[in-house]
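Participant: Please see the structure below; I have some questions.
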Amino acid sequence: MEHNSSNFIRNIIKEDLESGKRNHVITRFPPEPNGYLHIGHAKSIVINFDLADEFNGKTNLRFDDTNPLKEDSEYVHAIKEDVQWLGYDWDGLFFASDYFQEMYERAVLLINKGKAYVDDLSPDEIRSHRGTLTEPGKDSPYRERSIEENLDLFERMRKGEFSNGEKVLRAKIDMKSPNINLRDPVIYRISHATHHNTGDAWCIYPMYAFAHPLEDAIEDVTHSICTTEFEDQRPLYNWIVEECEMTSTPQQIEFGRLNITNAVMSKRKLKQLVDEGFVDGWDDPRMPTISGLRRRGYTPEAIRAFVRETGVSKGSGTVDSQMLDFFVREDLKMKAPRTMGILRPLKVVITNYPEGQVEMLDAEINPENPEMGTRQIPFSRELYIEQEDFMEDPPKKYFRLFPGNEVRLKHAYFIKCEDVIKDEDGNVIEIHCTYDPETKSGSGFTGRKVKGTLHWVEATQAVPADFHLYEPLLLNEEPEELEGEDTEEGTEAEKTFLDQVNPNSLQVLKGFVEPNMKEVSTQDKFQFFRHGYFNVDPKLTTKDNLVFNLIVSLKSSFKL
Ligand code: ATP
Ligand code: MG
Ligand code: MG
């Protein structure tokens, strides 16, 4: 497997192994099952699995499922599918919720050491006591409860004697710490809710900041790789591992998040796009989710190459989505069969071609990969070309069809436009042409040259197909920047990103493809000559109706 060279985490691991600080490597990918994975998660997956792979280590898939209100088995299933599709096999498959008993016992240990206390302050009061960057926090009046009282109250919290929010368990660290995360963070809360894994066994749940270091230590994770927003939590992470007397001591290392242009990445925002009907599900081909990219036609190879190319550093930036497009073109160039499809059909009649006759022409499947062989395509008196390939009154340098002009039909003959047929309103509905049998493709004809080469589909056997063309789902290049922090309650700010939804992000065209396309399977990928790469949509394609999703256009788009 190839690895990107700019990766500071690799250097840390290498040194740890060389110095003897570690004798093995275990990483983990720890998604919360509260949504589908997106391309940012792909980055985390690739980093964790690639590093373990490079140092003969292991990578766990761990569901960080400590919040019963947001999590669901549907997401667990989808996440597993996406990780496997990206090409990775996890070593251990774990659920943080399987550790609830151990976490509870570690919390009791903290209480016994005088390092945790039950607090009766309301969430608002806790917030106002916390202080600010410039102002120290204030102790809670419950901070000095006795160990016995704390043990009793915590047990009663567990038994369900209190309602949501009535009490919390807090780590007793330092209300005056310059690091706000160390000002007695809440480590357990009451939530009378059914959990997707543990059902109603628990009504108290550990907070992320308490649970995560324990999960890592329980699994003997050596390098716990996360994104930079957790940097300030690292002292708390270390405090918990130490004070909970974990035998294993994982090291948290942060790297910069991946963002891509014209996309939001937060699962909360993606869920909003789904729930409010802006898209057709988490796997809508316009979504930056792994399932959306898959349905659009991006390949795991392209996604892996893309995220590797973005490198691993502390800084986070917005990467142009065109870079991902570059990698998918690279990947499909050799693999995808070439074919011809007409997106906006215009009928052409070859007036000097015998009526009723059909001939089969040889066409190479991939000029860049001749091993793929040839296909047979029919040619007859009636064809479809693209509407945009004909102009009655063209500007200079228009080399396609216009009255009196001759062009080449790919894999077939030269044709010359002789006549234009219009309806009552003056719209062009049919073009009459003549062909020259001497110019047959492959015959070695050199008598004269033409400047334009058009794609086409024989009309009587053409297979109708829908083409879905896409523009970015969001108009703003950096929609994540539109709001500040990704807060739980930021409803006001959410408006701004939804305002950026592109009303033209999906265009559906009804056209035709070659008759040999009748046999395609969903997720098959093709390069339609002069248009770009397309994927057979797995959700909308039926036996009678093919749907092709535009993955990416060709780099050199044919411009007027
Ligand atoms: P979101 O805000 O999108 O919900 P999250 O960080 O809450 O993301 P998790 O399910 O907790 O989502 O993420 C699992 C792992 O993926 C974490 O280690 C997280 O840091 C990483 N991750 C999430 N988003 C990105 C991103 N944009 N770039 C790189 N890594 C990411
Ligand atoms: Mg998270
Ligand atoms: Mg999240």
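Any Cβ shown, glycine's included, is placed from N, Cα and C.
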Participant: Can you identify, from 189-193, 264-268, 389-393, the stretch that TrEMBL calls motif ''KMSKS' region'?
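Facilitator: That would be 264-268, the stretch labelled motif ''KMSKS' region' in TrEMBL.
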Participant: Would you please say which range out of 31-41, 141-151, 416-426, 537-547 has the annotation motif ''HIGH' region' in TrEMBL?
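Facilitator: Within the set 31-41, 141-151, 416-426, 537-547, TrEMBL attaches motif ''HIGH' region' to 31-41.
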Participant: What binding-site residues among GLU32, ASN34, TYR208, SER266 have a C-beta sitting less than 6 Å from any atom of ligand 2?
Facilitator: GLU32
Participant: What is the number of residues in the motif ''KMSKS' region' (264-268) that are helix, strand and coil, as DSSP sees it?
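Facilitator: DSSP classes over the motif ''KMSKS' region' (264-268) add up to 2 helix, 0 strand, 3 coil.
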Participant: At the level of the C-alpha atoms, what whole-angstrom distance separates LEU258 (ATP binding site) and TYR208 (L-glutamine binding site)?
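Facilitator: LEU258 (ATP binding site) and TYR208 (L-glutamine binding site) have their Cα atoms 22 Å apart.
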Participant: Excluding the flanking five residues on each side, which residues at least 6 beyond the ends of the motif ''KMSKS' region' (264-268) place their CB within less than 8 Å of a CB in that stretch?
Facilitator: 32, 34-36, 38-40, 257-258, 288, 474, 479-480, 486, 497
Participant: For LYS43 (ATP binding site), which DSSP three-state class applies?
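Facilitator: Where LYS43 (ATP binding site) sits, the three-state DSSP reduction gives helix.
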